[in-house]
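Participant: Feature annotation from Swiss-Prot assigns transit peptide to 1-21. Taken from Swiss-Prot, the feature FAD binding site applies to 156-165, 189-191, Arg301, 311-312, 370-374, 399-401. The substrate binding site annotation in Swiss-Prot covers Ser165, Asn273, Gly274, Gly275, Arg276, Arg409, and the record cites similarity to another entry as its basis. Among the features that Swiss-Prot reports, active site, proton acceptor is placed at Glu397.
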Amino acid sequence: MISGLFKLSNKQSVLQNATKLVLQRRTFFNIVPNPSVGLTEDQKQFQSMALDFAQEKMKPFAEKWDKEEYFPRDVMREAAELGFGGIYVREDVGGSGLSRLDASIIIEALASADVSTTAFISIHNMCAGLIDIYGTEEQRKKFLPSLVSMEKIASYCLTEPGSGSDAGSLSTKATKDGDHYILNGSKAFISGGGDSEVYLVMVRTGAEKGPKGISCLLVEKDTPGLSFGKKEEKLGWNTQPTRALIFEDCRVPVGNLIGKEGQGFSIAMNALNGGRINIGACSLGGAQSCLVAARDHVKVRKQFNQPLEHFQAVQFKMADMATKLHASRIMIRNAAAMLDAKDPSAHVYIAMAKLFACDECFKVTDDSLQLFGGYGYLKDYPVERYLRDLRVHRILEGSDAVMRLIISRELSKDDH
């Protein structure tokens, strides 16, 4: 159902503004592969809404935001007015109540203009979705309305300085003391760190080593004992701040426990399943824009007295790029549909989709830069920004190696 997405008055203004964006939209869709192929009419409608928003509110400023490392919270709040702050949060607290497949379509469209900002919107949605699924009614009503509107934003906190891919070895400790937990430890590479008002933090509450002793706590920004490291300087994703979180005798109410004690690792992995689809969708959006840019460039750029598109090598390269992008999109959307259907093997197909899409979309972006020649290396053109932003997708939400591990473990089972 999509009523939550369209219930706000902003729907009409966005649809009215769509006329002036029609040429940009046609450019995005009038190419093989067409991102709207196979979608329902409802899905096409909110895909167009997301694309119009991206073209009008994000694309004209993305280069400036990247250069100045500006975190566009004002624009994200505008996105939330369209329902993009709680895409799969239930409607009773203001969410849009959409599926993970629907979310992937929206995220791809937004990322076509600005991968970095869209990736943070995805992370925020992941956090809101976890509270909606695992939180108590009291927690849902306390936290979700302000998160769905993006008046407050949320960050996901799993990685630590000493535990990346081996998430089950995390060491941030939460010791129970009456009606509070006392947290000590740190988290690394946290998107939104220092700016977000709400942090979903995976901590060790039990004595057991490994995943069984991990729990999930909601920590608010102004909690005494919580501090932040320096803002990291990064290759890409420059429109969102990244900092470490430091807990020093940080007292968090027991009432901020999400789910049950010991359930945190399961919650974290569930979050990553959705996050992997979203980050793959971000890769799709960036690669689609690069393919369009490369297609337009080879039509007008001439060498040896003819346009580049007349050379068979360029034609075949473009054909390969389009095929990689289309295959990636099919895999991401299939994985999202499996997650919606609660298919028990969804995590394996999600790993395949994330691995393939993030790798191949990065190659499409790199090939686009190559087709631009020296111009592609200049910041006058957006392809280099997409390339920098897409590179990290092969590391976060589970690296390429971790995806291969998940897939190979499933292949080695005898009970299929």
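Placed from the backbone N, Cα and C atoms, the Cβ positions cover glycine too.
Quick caveat, the model's predicted, so the values are computed rather than measured.
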Participant: Sort the binding-site residues Gly275, Arg276, Arg409 by C-alpha distance from Ser399 (FAD binding site) and give me just the closest.
Facilitator: Arg276
Participant: Thr159, Ser165, Ser191, Gln312, Ser399: which of these binding-site residues has the sparsest Cβ neighbourhood within 10 Å?
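Facilitator: Least crowded of the binding-site residues Thr159, Ser165, Ser191, Gln312, Ser399, by Cβ count within 10 Å, is Gln312.
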Participant: Which of the binding-site residues Tyr156, Thr159, Gln312 has its Cα nearest to the Cα of Gly274 (substrate binding site)?
Facilitator: Tyr156
Participant: Quick one: Cα separation, Gly275 (substrate binding site) versus the residue listed as 'active site, proton acceptor', in Å?
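Facilitator: Answer for this pair: 6 Å between alpha carbons.
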Participant: Would you mind ranking the binding-site residues Gly162, Gly274, Gly275 by how many other Cβ atoms sit within 10 Å of each Cβ and giving me the lowest?
Facilitator: Gly162
Participant: Cα-Cα separation of Gln312 (FAD binding site) and Arg409 (substrate binding site), in Å?
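Facilitator: That separation, Cα to Cα, works out to 42 Å.
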Participant: Using DSSP and collapsing to three states, where does Gly274 (substrate binding site) fall: helix, strand or coil?
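Facilitator: Reduced to three states, the DSSP call for Gly274 (substrate binding site) is helix.
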Participant: Nearest by CA distance to Thr159 (FAD binding site): which of the recorded positions is it, out of Asn273, Glu397, Arg409?
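Facilitator: Answer for the nearest of the recorded positions: Glu397.
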